[in-house]
Each structure stands twice: as structure tokens, then as C-alpha cells.
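S.K.: What TrEMBL lists as domain 'Cation efflux protein transmembrane' is 35-255. The annotation region 'Disordered' is assigned in TrEMBL to 371-392. Feature annotation from TrEMBL assigns transmembrane segment to 32-51, 63-84, 96-117, 137-155, 201-219, 225-244.
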């Protein structure tokens with residue numbers, strides 16, 4: 001008999017979690033259409049694979065892989081609906097938008113792997129070309145073309161639609177764009193269809209079907225079976241060239257890089273933020289694409305000590321929110337460094353602690369590292385000091401000041417023109433000036449009153 005935990009949650013397996021999320025998506029009526037197209041897609045893939053085996057055509061196999069890619073795009077569309085239903089959680093504080101980015105990246109990479117497999121099989125077929133049966137070759141071509149176009153044009157796939165527009169153009173799109181400009185120069189009415197650039201998925205479907213039609217005609221006329229292998233290579237290269245820019249774009253989103261097309265806008269907004277009232281510095285800025293069309297970022301803003309934090313935060317957020325939808329701003333005030341003076345113990349036989357205060361000096365380094373003239377490190381690698389206030393010389397004792405006045409600021413320093421009664425200090429004398437003045441840190445034999453020497457006698 002085990003212990004019964006009344007309020008303990010049951011742990012679901014991975015299959016149970018996937019089933020629960022699938023039911024959540026299937027409850028939405030918009031996903032029914034996608035599920036219907038997915039079922040039809042599976043049937044078409046089954047028929048096409050059987051026709052590929054009966055015709056022994058590798059070109060039809062390469063074209064069937066495009067239908068399999070359509071199945072991946074439908075799954076990505078379902079994931080997009082699921083992302084819109086889910087809310088941010090403590091584990092995924094930015095939401096689940098990166099799941100659809102990952103789905104696009106995985107779909108395009110799998111399509112490129114299929115293209116590489118076709119290239120490998122085509123290289124083997126060049127050594128020993130088998131006979132191609134054209135009985136169902138043309139039928140399979142039109143079935144795959146009709147279903148691919150019908151799927152692409154009937155379902156609005158938001159992730160792939162965004163990637164196809166944001167990613168760089170493929171070599172197939174560039175060549176077709178050049179041809180379209182020539183055609184639109186003759187027939188201007190076609191500019192709305194061919195320009196500025198065609199949908200890459202529709203373009204590759206039409207180009208693949210055209211290659212299969214040419215293959216069918218050449219095999220029927222001259223029994224030129226090698227053209228099937230050449231068509232398979234052409235379809236594989238078109239597939240790889242179309243999917244590669246999308247993989248690069250979605251991969252950069254997954255790596256949290258800043259989109260190149262927003263560099264100018266971000267620089268302009270950051271310059272405006274740095275000129276706001278109270279802002280001293282903007283640093284540690286990082287902006288990245290959280291999902292498709294959603295930019296996130298974080299920035300540190302250093303402000304004056306007398307500035308209003310909430311006011312500066314509101315102005316910075318207002319400037320950046322127009323471009324960065326998910327923004328984190330950290331405000332911190334400028335902190336001045338104040339040097340502190342502390343007292344050190346003195347021997348009782350030297351001075352009375354109640355009557356004097358001691359300004360502590362830094363600890364002296366080894367004698368071989370010091371210059372006897374400047375009392376600073378003589379290493380060639382160290383830069384010269386910019387300021388040398390209170391810099392001790394060699395073998396210099398602390399400067400001891402009489403406590404004859406009150407300390408208004410509590411810093412241990414006397415204020416006013418208090419005469420020195422005695423100064424105990426040892427330093428290096430400067431040649432030609434005698435022993436009346438030390439170097440930098442203290443004075444030896446300093447008179448107690450202006451116009452008298454060390455013995456109190458008037459100067460000549």
C-alpha cells in the first residue's frame with residue numbers, strides 16, 4: 001500500500017500531451033479545412049509513390065517530394081493556429097511564436113535533404129540508365145500539379161507567406177523576373193501576375209511540371225531515357241535553390257540575430273533616445289526577432305541623478321515601442337565615486353591621537369619598481385598617471401595635521417588657514433634648493449609663521 005497524495009497532479013506522457021494539444025487545435029473550425037487537405041495530401045502521396053515505382057521515373061519521384069513538402073506546410077499552418085491559441089507561460093515567457101519558426105526551418109531543411117537524395121540517386125542512374133515507362137508519368141504529373149497549386153492557393157499559410165516575402169530571392173525567381181520584365185514590356189497587363197516576383201512555391205510547381213512534360217515528350221518520341229535523370233536533377237536543384245534562402249532566414253531568427261532591414265530604423269530611434277532629457281548613455285542594446293514580424297529587445301539607460309526614472313522610462317518606451325513590440329528597459333542612475341578618508345593607529349610615543357588626524361597613504365611598492373625622482377612605477381608597459389595628488393615618495397611617513405579647529409564636514413580635515421606647528425616628514429630634496437622643501441607629499445623644515453626661519457628668527 002502506497003501513500004495517497006490528494007492534490008498531486010497526474011503526470012502525462014508525451015503522447016498524452018500531444019493528443020491534448022491536437023484536440024485543442026481540432027476544436028477550432030478553421031483547422032478543419034487544414035485537416036481535410038492533409039488527409040487528401042496523404043492519399044495523393046500514396047498514389048504518386050506507387051506510380052513512381054511503376055514508371056521507374058526518378059523525375060516523378062523528385063516532383064512527389066514537393067507534395068510531401070506541402071504536407072509539412074499544412075502541419076506548419078496547424079502549429080500557427082496552435083500558437084495563436086496558447087498564452088505565455090512561466091517557462092515560455094515570450095510566448096510560443098518560435099515554434100512556427102522552428103517548423104518552417106525544419107520543413108525547408110527536410111525538403112533540401114530530399115533534393116540531395118535525388119541528386120545522389122541521379123548520379124547513380126547516369127552510370128546505368130534504366131528504362132522508363134510513360135504510361136502514368138503524365139497522369140501523375142498533372143495530379144501532383146493540380147493538388148499542389150490548389151493547396152497553396154486555397155489555404156493562407158501565414159508563416160510561409162511571411163518567409164517567402166522576407167527572405168532573399170532564389171536564382172529561379174531572379175531568372176523568371178528577368179523574363180517577366182521582357183514579357184510585361186510587350187503585354188503590360190501581365191505585370192500584376194509576374195511582377196515584382198512570383199510566389200516561389202507556385203513557381204517551382206509550374207517549373208517542375210514543365211520539366212516532366214518535356215521528359216514525357218522526349219521519351220515518347222526518341223526513347224531518350226537519360227532526360228528523366230536530367231529532369232530529376234533540374235527539379236532537385238530548383239527545390240534546393242528555393243528552400244535555401246528560407247532556411248537561412250528562419251535560421252537567423254532562431255539564432256536571435258537583428259534583422260538587417262531594421263538597422264537604420266533602430267539606429268535612428270536610439271539616437272533619439274540618447275537625446276532625451278536626463279539620459280546620459282544608452283548601452284547594452286540587443287534587438288532580435290522573436291517570431292515572424294515580432295521584434296523583441298532590451299536596453300540599459302543611464303540617467304542623471306536628479307532625473308525622474310518613470311518619466312524617462314515612459315519616453316524611452318514610447319520611442320522604441322513603434323518598432324519593438326516586446327521591450328525591456330532597465331533604468332539606473334549615475335553613481336559618483338566619493339573617496340573616503342579613514343584613520344590609522346599611531347604609536348603613543350609619537351603623537352597624541354586625540355589632537356591629530358592622519359591622512360593614510362597608499363602602500364609602497366618594492367624599491368626596484370619605483371623611480372627615485374617621480375616615485376611612480378617605472379615599468380615601460382604602464383601608462384603615465386594623469387593625476388598624482390597625494391602620491392607618496394620613497395620611505396615617506398604619513399602627514400600629521402594639528403587638530404586645532406572643528407571638523408564641519410566630518411572628513412577628518414581641518415579647514416581654514418591653520419599654521420603648521422610641526423610636520424614630520426622625510427623626502428628627497430631637490431638639488432640646488434637645499435633641504436627646505438620635500439617632493440610632492442610633504443615639506444621638511446617648514447616655518448611656523450611666514451617670514452621666519454626654522455628657529456623663529458627673522459629672515460635677512
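The backbone N, Cα and C atoms fix where each Cβ goes, glycine too.
Values in this document were obtained by computation on a predicted structure and should not be read as measured data.
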S.K.: Which one of these stretches, 32-51, 63-84, 96-117, 137-155, has the most C-beta pairs shorter than 8 Å to the transmembrane segment (225-244)?
M.R.: 96-117
S.K.: Grab the same-chain neighbours of the transmembrane segment (63-84) for me: Cβ-Cβ under 8 Å, and only residues 6 or more beyond its ends, written as numbers and ranges.
M.R.: 21, 24-25, 28, 30-31, 34-35, 37-38, 41-42, 44-45, 48-49, 52, 95-97, 99-100, 103-104, 106-107, 110-111, 114-115, 118, 140-141, 144, 147-148, 151-152, 155, 157-160, 201, 204-205, 208-209, 212, 235, 239, 291
S.K.: Restricting to the same chain and to residues at least six past its boundaries, which positions have a Cβ under 8 Å from a Cβ of the transmembrane segment (201-219)?
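M.R.: Residues 57, 59-60, 62-63, 66, 73, 132, 134, 137-138, 141-142, 144-145, 148-149, 152-153, 160, 164, 172-173, 176, 225, 227-228, 231, 234-235, 238-239, 242.
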S.K.: Do any residues, 6 or more residues outside the transmembrane segment (32-51), come within under 8 Å Cβ-to-Cβ of it, and if so which ones?
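M.R.: Tertiary neighbours of the transmembrane segment (32-51) are 26, 60-61, 64, 67-68, 70-71, 74-75, 77-78, 81, 136-137, 139-140, 143-144, 147, 151, 154-155.
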S.K.: Sequence-remote contacts (6 or more beyond its ends) of the transmembrane segment (137-155), Cβ cut-off under 8 Å?
M.R.: 33-34, 37, 40-41, 44, 47-48, 51-52, 55, 57, 60, 63-64, 66-67, 70, 73-74, 77, 199, 201-202, 205-206, 208-209, 212-213, 215-216, 219
